[in-house]
Amino acid sequence: MLGRPKLVLASGSPRRLALLNQAGIEPDALRPADVDETPTKGELPRACANRLARAKAEAALKSVQLDDDLRGAFLLAADTVVAVGRRILPKAELVDEASQCLRLLSGRNHRVYTAVCLVTPKGSFRQRLIETKVRFKRLSEEDIDGYVASGEWRGKAGGYAVQGIAGSFVVKIVGSYTNIVGLPLYETTSLLGGEGYPIRFGWLNAS
């Protein structure tokens, strides 16, 4: 696309793409990074999110550098971690995992961390970590069984999607809502704009 530098989103997440689109930003390419997202032994939530966002950016950068059309583009990667205290909850893929996550979150506060990593056209790495505090209502067995049956939780950090049915579980949020969805928009657009990406380029025809 002429008139602005290109942007690559190093993610296959429909939620992150939708959030960027919401802000009037349309990536030129998607380059999902194949990274092992298993926390290392004893790894704390903040460190895990930061490490994985950087790893995703580095993995996607290798692909981008081999593409003549995308070489020199901005590259954006992110990773979201849900934690209760120091315990990192999985990106649930199995019914048992989802049930365990929901039981752990029931009636409690938890924190959602999203690390955003931006690679500039000059190859510099810029990174931010955003934290949001969330409190769930006390979930009944019917709540848990019904939500697990919905399948909405599959592949989601902490076993829930706040923008869906699970939004009805949330009693209180302190911090960025879009951070819980998977990409904190204020911080992401600030990061892009601060490095010279024209974040308002797509606003003209947004309606």
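We count from 1, first residue shown onward.
Using the three backbone atoms N, Cα and C, a Cβ is placed for every residue, glycine included.
As given in Swiss-Prot:
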type	residues	note
ACT_SITE	ASP79	active site, proton acceptor
SITE	ARG15	site 'Important for substrate specificity'
SITE	THR80	site 'Important for substrate specificity'
SITE	GLN163	site 'Important for substrate specificity'
Other CB atoms within 10 A, centred on THR80 (site 'Important for substrate specificity'):
27
Rank aside, I only need the closest one: which of the recorded positions ASP79, THR80, GLN163 has its C-alpha nearest to that of ARG15 (site 'Important for substrate specificity')?
GLN163
So if I draw a 10 Å sphere around the Cβ of ARG15 (site 'Important for substrate specificity'), how many other Cβ atoms end up inside it?
18
Among the recorded positions ASP79, GLN163, which residue has the largest number of other Cβ atoms within 10 Å of its own Cβ?
ASP79
Once the DSSP letters are reduced so that anything not helix or strand counts as coil, what is the residue listed as 'active site, proton acceptor'?
strand
Any idea what DSSP makes of GLN163 (site 'Important for substrate specificity'), helix, strand or coil?
coil
Rounded inter-Cα distance in Å - ASP79 (active site, proton acceptor), GLN163 (site 'Important for substrate specificity'):
17
